[in-house]
């Protein structure tokens, strides 16, 4: 029923005393997530929502046996916060923060390759296994338990597509928002591989957008390694070439790769049906199940 | 954020990269004075942020005062791909035997910085990359160590740069990498890096793009950016408000949260037969004031005939959005353009309770909201 997180996952929230950290830690707990600790330098000894706060992630892991972290730390300090998480042998770190400098993420990426920790994000909504646990900012009420694995580069687009699915009674095994930044931890291929290995995931929805070549790479991977049926969606078909639409990932190079057309074509070639609208995505999934 | 050529050259020169003598001028007298100081022949180069300045007539080589006056007259005030030329750089003309390319950028596929060298400089390097990728030597850099000197040498020799200047080119590449690293560069490029008859290298152009997310720790560069900002009035206003905004030529104004969802809204407006007037992402966690600013932005665009708000709350809360919409609209005796609102996700129910439905049209689904906004726009056109 789940990929990467479940009701057993023991979560430490980095930045739990900040505005967003506090609000969303509360939402996570309300959803049933096993939040066991907070970590904020200088705030050790406090409690937030009845959860003990430690000065370091290391201490939180030692004292509370945490195995996953969710990071709500402002961009200037978020790179350092991810390093801290990666230094404690956690299984999973989820970085919600938007606007981390790319060079900080390049250094994080290097360290990541030297550890066994899985990073999701940054600039992402997080991960949710409906009915069990959510790590991040996803609105829990729109998700439902079911058979569909979902992976998306865009947070709010994830919500939209999930809403279309749930409204017609199609639930999800797990939904992963991988984030739209140029350098991220878990990518489409990692998520597709995790869903392919999960016997409960009967279909996969993959939401991409213009910019970069991650979708093209995912299409090659699907062609060779994925037997579970995949339905795709690509945002940004109407984006004018050369204009920057929001985050840095969404740049149309104009050179033929990274465009909506090239992504849709690559996915179609790999046997993926790509919907024109979120409703069409839900239609295709309904047909598959 | 992209620096002007003259700013990038200053940054490069300060770091020790050889650049030609040059002065900035904003009128004909200033050009003549600068040319006198630098010494003929000089290149007169328009300082605007567009590619292909040379081809578009924005760069001229002149030999004397008369030619300089004529060129300055032509270039100052000209319209270069939609931007008016206010300033030119008057620069010593370099007598070169060869043109190279050196650059540093982030390879997002690899998640690592990459340093590049090519002997095919002085031309559109993107075309070289597409047609003859082997003509560019690439060296990936471990960002935690920085570029080792041997890597700069390797790239230079792999590219086939002549031995007589190889050491100097490697030194320029090393310096460029260190600058890119220290200044939070997105791209740093010299194209062309000119080789002179006596085997010296000179940066004849300079490109420096800075990662906007890192400006908080680059105060000097951020200051240069205020001078670099130019273009569309509405886009300048968006910068002031801190929105991701792109003006398009349609009639349906679009406001949403999250780039992917906003792009999807654009795509849906197109799908239902309308045309998007803009892309406006209010970002994550927007409070009431920010929402009001977004409405102000879109109302300021004369092309807009209707507005659709598509908010799917995660970190953004529906009640804050509703408060912002109400505050913005209650100032008007008559709402300038019909506004359609679709609220979902975090606190959407609280938002729907607050939202003043006399001022806006409410729709429950994205599809209905987009179709309604397209209908409103069509009514205005009809």
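Here the Cβ of each residue, glycine as well, is placed from N, Cα and C on the backbone.
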Listed in TrEMBL for the CoA site shared with A:17, A:18, A:19, A:20, A:96, A:97, A:98, one of A:43, A:134: A:43
Inter-residue Cα distance where the pair is residue A:159 (substrate binding site) and residue A:96 (CoA binding site), in Å: 15
Candidate with the highest Cβ count within 10 Å, taken from the binding-site residues A:20, A:98: A:98
Mean predicted confidence [pLDDT] for the domain 'CoA-binding' (A:4-100): 97
Listed binding-site residues (A:18, A:43, A:96, A:97), ranked by Cβ neighbours within 10 Å, top entry: A:96
For the binding-site residues A:17, A:19, A:159, the one whose C-beta sees the most other C-beta atoms within 10 angstroms: A:159
Distance from residue A:159 (substrate binding site) back to residue A:97 (CoA binding site), taken between C-alpha atoms, in Å: 18
Residue A:98 (CoA binding site) and residue A:159 (substrate binding site), distance between Cα atoms, whole Å: 17
